[in-house]
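Step one of this worksheet: look at the structure below.
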Amino acid sequence: MTKLTQLTLTQAREGLAQGEFTSVELTEAYLKAMEQARPLNAYVLETPEIALEMAKESDRRIASGETGPLEGIPLGIKDMFATEGVRTTACAKILDNFIPQYESTVTSHLWRDGAVLLGKLNNDEFAMGSSNETSAFGPVVSPWRRDGDETPLVPGGSSGGSAAAVAAFLCAGATGTDTGGSIRQPAAFTGTVGIKPTYGRCSRWGIVAFASSLDQAGPFARTVNDAAVLLKSMAGYDPKDSTCVNRPVPDYEEAVGASIKGKKIGIPREYRMDGMSDEIDALWTEGARFLKDAGAEIVDISLPHTQYALPAYYIVAPAEASSNLARYDGVRFGERVPGRDVVEMYENTRAAGFGPEVRRRIMIGTYVLSAGYYDAYYLRAQKVRSLIKRDFDQVFAQGVDAVLTPATPSPAFGIGEKLKADPVEMYLNDVFTVTVNMAGLPGIAVPAGLSADGLPLGLQLIGRPFEEETLFSLAEVIEEAAGRFPVDKQWWRG
C-alpha cells in the first residue's frame with residue numbers, strides 16, 4: 001500500500017470513505033513526517049493535540065455517514081489566516097504570540113467541510129517577499145535540491161511554507177495567499193499546483209492584510225484535482241468582506257478532465273523577455289504543444305502594458321501596505337517597546353517589530369502616497385493598472401479563453417543568493433505573475449518539467465474572471481502530458 005502521506009488528497013478522501021484507514025491514522029502519519037522534517041522550517045506552529053481531536057471527530061462523522069467534502073483530510077494553514085485560539089503572527093515579530101479570538105472565513109469553510117488542522121505554515125513577514133527569507137521565524141528550506149549539489153534552495157514566497165509542506169508530503173494540501181504571485185511562484189519552484197482565484201472569489205475576512213485590492217486566498221496541492229477540491233471548499237460568498245462576490249461556487253472537480261477541444265489559448269508576445277532562459281522558453285513552447293495536441297487552438301496575442309506591470313505593482317502594493325500596517329502600534333496587541341512618550345513608543349515598537357523588507361515597503365508606500373508625489377507615482381500606477389486590465393479585456397473579447405505564460409523566469413535559487421542583492425532583482429521574480437493580480441484575474445501554476453539541474457519548472461494559465469473551471473481543465477491537460485514531479489530524495493530525514 002502507498003505510504004499514507006504519499007497519497008494525493010483525492011486518494012486519501014477515497015481511502016477514508018472506504019474505511020481503508022482512519023483520519024487519526026492519516027493525521028498521525030503526517031504529524032510524524034512533520035517531526036522528521038523540522039530542518040525545512042515549513043511549520044512555525046504544530047498543533048498535534050488539535051489535529052488528533054479533529055481527526056477523531058471526523059472518524060465519528062465518517063462512521064455515522066455524515067461526511068463533508070474534506071472529511072478527515074489533514075491540511076496546513078499559512079500563518080496569514082486567523083485561527084481562533086491558535087497563534088497567528090503573519091511571521092512578524094510585531095505580532096509575536098498574537099492569539100486571535102475569531103476564525104478566518106476561509107479556514108472556517110475548511111473546518112465546516114471536515115478538514116483537520118495540522119499547524120500554521122511559515123511565510124514571508126506579512127507576506128512581503130518572493131523567497132520566504134523575510135520571516136521572523138527564519139527561512140523555509142525547499143525540499144528540492146539541484147542534482148549533485150547540496151546548496152539549500154528557497155521554496156519561493158511569500159507562501160513558501162505552504163509550498164514546501166505540500167511538496168515534502170507534510171500535509172495533504174495547504175492554504176496560501178497571493179498578492180503578486182505568492183501562490184503561483186512557490187508552486188512553480190516546488191513542483192506543486194497553486195491557484196490564485198479571481199479577486200473576490202474567496203473571502204479575505206480574517207486574513208492579515210498586505211495590499212487589500214490585490215490579496216486573494218487560494219490552495220496548494222500535489223495535483224490539479226486536489227486543488228479543485230480545496231478551492232471549492234475555500235470559496236464562497238461572505239457578507240463580512242465587501243469585496244467578496246455573491247455568486248455560486250461551481251463544482252471545480254467536474255472541470256478536471258473536461259475536453260478542451262476548441263478552446264482558444266493566447267500566447268502573449270510581450271512575455272518573451274530579454275534574459276529569459278532557453279529552458280523556460282522551450283518549456284513554454286512545449287506547454288502550448290500539449291494544449292494543441294488536446295484540441296486547443298493556439299494564437300499569438302498582445303498585452304502591450306505588461307512591461308509596466310512590475311513597476312506599477314511595486315507602487316500600488318507598498319502604498320496599500322503602508323496604510324494597512326499603520327494599525328500596528330504596540331498599543332492594542334503584539335510586541336511593544338517602551339519610550340519616553342507615546343510617539344517614541346510607536347517609533348521604537350515599529351522599528352523593532354518590523355523586519356527590513358517590511359520597513360522598506362512601508363517607506364516606499366508612504367513616499368508614493370505623500371502630497372508631493374501622489375500624482376506622479378500612485379495615481380499614475382493606478383492608471384497603468386486600468387490599462388493592464390483593458391489589455392486582458394480586449395484579448396478575452398476576441399474569443400481567447402485563457403493565456404499561457406511561464407510562471408517564473410528561472411527555477412529556484414539558493415538561500416541568501418538574492419536577498420542581499422539589489423531588491424529589484426528579487427522583485428523580478430514576480431515579472432510573470434503580478435499582471436494577474438493587477439487585473440483581478442484567476443491564475444494557476446502547474447508543474448510542466450524539470451530544469452537541466454533537476455529543479456521543477458512551472459507554467460501559468462490566466463483565465464477570464466470567475467472561469468476557474470477552464471483553468472482546471474487546461475492545467476489537467478498539461479499535468480497529464482508532462483507528468484508529475486514529486487520530490488524523489490527526502491534528504492531532510494537524515
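Glycine residues also receive a Cβ, built from the backbone N, Cα and C atoms like all the rest.
According to Swiss-Prot, the active site, charge relay system annotation covers K78 (among others), on the basis of sequence analysis. Under the DSSP three-state reduction, K78 (active site, charge relay system) is assigned to strand.
The active site, charge relay system annotation in Swiss-Prot covers S158 (among others) and rests on sequence analysis. Sequence-distant neighbours of S158 (active site, charge relay system) (same chain, six or more apart, CB under 8 Å from its CB) are N123, D124, A127, M128, G129, S130, N132, T177, T179, S182, P186, listed in sequence order.
According to Swiss-Prot, the feature active site, acyl-ester intermediate maps to S182. In the three-state DSSP scheme, S182 (active site, acyl-ester intermediate) falls into the coil class.
If you take the C-beta of K78 (active site, charge relay system) and look for same-chain residues 6 or more apart in sequence within under 8 angstroms, you find K120, L121, N123, S159, G161, S162, A174, T175, G176, T177.
In this view, S182 (active site, acyl-ester intermediate) is surrounded by 37 other Cβ atoms within 10 Å of its Cβ, with every protein chain counted. Classification of S158 (active site, charge relay system) by DSSP places it in coil, neither helical nor stranded.
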